[in-house]
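Taking it in order: structure first as C-alpha cells, then the write-up.
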Amino acid sequence: MKQKIAVLGAGSWGSILANVLVENGHDVKLYTNSEPQAQELNEKHTNEHYIHDFTYPEALVATTDMRDAVKDAAAVLFVVPTNVTRLVAKQLAEVLRDINTRPLVIHASKGLELGSHKRISEVIAEEIPADLRSGLVVLSGPSHAEEVAKKDITLITAASDDIENAKTVQNLFMNNYLRIYTNTDIVGVEMGAAFKNIIAIGAGALHGLGYGDDAKAALMTRGLAEISRLGIAFGADPLTFIGLSGVGDLIVTCTSVHSRNWRAGNQLGQGKGLQEVIDNMGMVIEGVNTCKAAYELAEQKNIEMPITEAIYHVLYDGKDIKDEIALLMEREGKAELD
Ligand SMILES: NC(=O)C1=CN([C@@H]2O[C@H](COP(=O)(O)OP(=O)(O)OC[C@H]3O[C@@H](n4cnc5c(N)ncnc54)[C@H](OP(=O)(O)O)[C@@H]3O)[C@@H](O)[C@H]2O)C=CC1
Ligand SMILES: O=C(CO)COP(=O)(O)O
C-alpha cells in the first residue's frame, strides 16, 4: 500500500533510502537543511556531493520545511549523523506537537551519542515521547549507499521491541535487491552497527600501512570479540553479533573502499593527520566519535577492549599507529574464548 514517508537527512544514505522508498511506490519527502541541496535534488535530480553520477526519480521531492515533509506521514526515517540526532529529534518533536500526525519513527544511523553514550534509539525516545509516535524501529546492516544505488544485492535488519513494527518496516523497504530481516534485539543491532565503525578505521589503517590479509582477519575477529563483550554487558543477545548487523556489517565496513571509516583509517595509515582526513572526507566518519564513547564506556564497565583503546590513542592522543600495533602484539598470551 502506498504510504507517505518523510526522510530526514539527505546525505548519501538518506537520499538512497529515499530513492528505494520511491521505487517501492511510496510518496516520499526528503528533508534537508540546505536550500541549494533541495534545489539540486528537485531541479537536476542529483545529489552530486554525496552520490556521484546518480539520477533520482522525479517523484522524489526534497524540502527544507520539516513540517511539510512530516505532515500526514505514516513513517519518519532519521538518517542524519549521530551528533545531530538529538537536535533533529527535538525539531521533529516540536513539529509533531503542532500537528495530528503520529508516525512510526525509524532510524538508520550508526553511532553512540558523545557524552551520554546513549544509543540513537534512546536519544530519539527521549526527545520524541511515545505519545508523539506510533513506534520506534532501527534499520541497520551491511549496506553502502553506493551499492544500493546500483541495485546491488543488500540484506539488512529492521529491529524493534515490537515485532509488528519491525515487520511494517520490512514491508516498506523490501524489494528484489534490498532484503530485510526482522529482529527484536535493538541493543545488539545498534551496538554492532556503532562499534564496527571503530574497527573499520583500524582495518583501513592496516591497509594504509601495508599489512596483509592475516592481520586484517585478525583485527576483524578480535574486534568482533570486543564489540560483543561490550554489547552483551549492555544486554545485547550474543547471537545478534553473528548476524547482519554484527559480523555482516563488520565485514563490509572493514573491506569496502566505499566505507568512509575504512577510507579514513587508510589515510591515517598512510600518514595523514586526523583533521586533514575529516576535512577531506566531506561526509560523516562516525567511528571517530564512537571510538571515544566506546572507550569511555569500556572504562566505566571495566571491559577489556584493547583494539578500541589502541585506536582511541591514535585518534585522540596522537599516538603512532605502529607503536600501538606493537603494544597490542606484546600483550600477554590469552585464552581465545575468555
Ligand atoms: N553512507 C552509507 O552508505 C551508510 C550510512 N549509514 C549511517 O547513516 C548516517 C548518515 O550517514 P551518511 O548519509 O553516510 O552521511 P552523510 O555525511 O553522507 O550525510 C549526512 C547528511 O545529514 C545532513 N545533516 C547534518 N546536520 C543536519 C541537520 N541538523 N539537519 C538536517 N540534516 C543534517 C548533512 O548535511 P551537511 O553535509 O550539509 O552537514 C548531510 O546531508 C550515519 O550514521 C551513517 O553511519 C548507515 C548505512 C549506510
Ligand atoms: O554502515 C555502513 C556500511 O554498512 C557505512 O559505513 P561507512 O559509514 O564507513 O561508509
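From the backbone N, Cα and C atoms, a Cβ is placed for every residue, glycine too.
Taken from TrEMBL, the feature domain 'Glycerol-3-phosphate dehydrogenase NAD-dependent N-terminal' covers 4-165.
Summarising the environment of Gly9 (NAD(+) binding site), the number of other Cβ atoms within 10 Å of its Cβ, over all protein chains shown, is 26. Secondary structure at Gly9 (NAD(+) binding site), as computed by DSSP, is coil. Residues annotated as NAD(+) binding site in TrEMBL: Gly9, Ala10, Gly11, Ser12, Trp13, Gly14, Ala145, Arg260.
If you look up TrEMBL, you'll see Ser12, Trp13, Tyr50, Lys110, Ala145, Arg260, Val284, Glu286 marked as NADPH binding site. Long-range Cβ contacts of Ala145 (NAD(+) binding site) within its own chain (separation 6+, distance under 8 Å): Ser12, Trp13, Ser15, Ile16, Tyr50, Ile51, His258.
Look at TrEMBL and you will find Lys110, Arg260, Asn261 tagged as substrate binding site. Remark: Asn261 (substrate binding site) has Asn197, Ile198, Ala200, Ile201, Gly204, Thr253, Ile285, Glu286, Gly287 as non-local neighbours, by Cβ distance under 8 Å and separation of at least 6 in sequence.
According to TrEMBL, the feature sn-glycerol 3-phosphate binding site maps to Lys110, Gly141, Ser143, Lys196, Asp249, Ser259, Arg260, Asn261. Within the same chain, residues at least 6 positions away in sequence whose Cβ sits under 8 Å from that of Lys196 (sn-glycerol 3-phosphate binding site) are Lys110, Gly223, Ile227, Gly246, Asp249, Leu250, Thr253, Cys254. Under the three-state DSSP scheme, Lys196 (sn-glycerol 3-phosphate binding site) falls in the helix class.
Annotation source TrEMBL lists domain 'Glycerol-3-phosphate dehydrogenase NAD-dependent C-terminal' at 185-324.
According to TrEMBL, the feature active site, proton acceptor maps to Lys196.
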Check the DSSP secondary structure of Ser259 (sn-glycerol 3-phosphate binding site), expressed as helix, strand or coil. coil
Taking all protein chains shown into account, the Cβ-based neighbour count within 10 Å for Asp249 (sn-glycerol 3-phosphate binding site) is 26
Using C-alpha atoms only, work out the spacing between Arg260 (NAD(+) binding site) and Gly141 (sn-glycerol 3-phosphate binding site) and round it to an integer in Å. 15
Which listed residue (Gly11, Gly14, Gly141) has most other Cβ within 10 Å, given these are binding-site residues: Gly141
